[in-house]
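Peer 1: Following this message is one structure expressed as structure tokens.
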Amino acid sequence: MIVVGGIPMDIGIIGTGNMGTMLAETLVTSRAVPEERLFVTNRNLQKAERIRQAYTSINVTPDVSRLARRCDLIFICVRPPQFPALLQTIQPFLQANDTVVSITSPVTLEQLQSLAPCKTVRAVPSITNRSHTGASLITYGNGWSTIEQEDFESWMGQFSVPQIVSEETIRASSDIVSCGPAFFGFLLEEMTSAAARKTELTEKQAERLAEEMIIGMGTLFSKRLYNLQTLQEKVKVPGGVTGIGLEVLKQTEGVFDELFTATHEKFAEDQRMLKDKFDHLD
């Protein structure tokens, strides 16, 4: 858990959708935060209460203002369009020694700092953090000392592998780290469905084999036994089946170029929308 000057910090999460809920579960199961020091809230409080059903000592706070007043470090896990108005709502309750954390990439640190009179940081999580593994993407706002950054990264390191990224690379980094599990989950599902259609394997059997394969492959990478290139070289043998399969897959070359183009277009659209909302706050 984060401790400042020997005093444990209270951690808040605003927004308990998919990522907010995952983050709450991860903070508790990794013991980065004791349950009694975690505060959550949501527009629909029933969603927040569902987390407390599993972790009974978590605090469900009735509104964002009370959470901002109570907590020292606040994760904002709402959708981008809700960000400007939410920041404006909690602004009066933030203290200079608080920290506001955005988990969404389109909100710039400049926008965050314009309404948060405290330290700010973007920390984009990944669903892989739920197993206390995988990267998280960190971009610091102004006012962080080297020691403060080291302390924050050490704390994040209890459930992830923090990676420092720039504003310029946050979207591409998020596509790999945060969206990547969904992208590759889709590709694996395509593979297992094809196996069930074309062979005697059932879909359930194919899914189990694929799951064990991806777990094993991840372990190879985590132990630094192979990288992407050497892994292919070790599996592929001259004249073998793997090479034939790779030739088929080469027909998909360029598809990820299209993917990055599409995600960056959506990113730019979200940033234009956010700029308009920030510019027109009362």
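Cβ coordinates are placed from backbone N, Cα and C, and glycine is handled just like the others.
Got these off TrEMBL a minute ago, pasting:
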type	residues	note
BINDING	ILE14, GLY15, THR16, GLY17, ASN18, MET19	NADP(+) binding site
DOMAIN	11-105	domain 'Pyrroline-5-carboxylate reductase catalytic N-terminal'
DOMAIN	167-268	domain 'Pyrroline-5-carboxylate reductase dimerisation'
Peer 1: Taking all residues of the domain 'Pyrroline-5-carboxylate reductase dimerisation' (167-268) together, what is their mean pLDDT?
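Peer 2: Summing pLDDT over the domain 'Pyrroline-5-carboxylate reductase dimerisation' (167-268) and dividing by its length gives 96.
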Peer 1: For the domain 'Pyrroline-5-carboxylate reductase catalytic N-terminal' (11-105), what does DSSP give as the number of helix, strand and coil residues?
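Peer 2: Within the domain 'Pyrroline-5-carboxylate reductase catalytic N-terminal' (11-105) the tally stands at 46 helix, 18 strand, 31 coil.
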Peer 1: Which residues, in sequence order, are found in the same chain with Cβ within 8 Å of the centroid defined by the Cβ atoms of ILE14, GLY15, THR16, GLY17, ASN18, MET19 at the NADP(+) site, excluding those residues themselves?
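Peer 2: Surrounding the site, in chain order, are ILE13, GLY20, THR21, LEU23, ASN42, CYS77, VAL78.
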Peer 1: Return the residues near MET19 (NADP(+) binding site) by Cβ distance under 8 Å, restricted to its own chain and a separation of at least 6 in sequence.
Peer 2: CYS77, ILE103, PRO125
Peer 1: Using the structure shown, find which entry in GLY15, GLY17 (the binding-site residues) has the sparsest Cβ neighbourhood within 10 Å.
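Peer 2: Ranked by other Cβ atoms within 10 Å, the binding-site residues GLY15, GLY17 bottom out at GLY17.
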Peer 1: Run through the Cβ atoms and count how many others sit within 10 Å of the one on ASN18 (NADP(+) binding site).
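Peer 2: Step by step: centre on the Cβ of ASN18 (NADP(+) binding site), count other Cβ atoms within 10 Å, giving 10.
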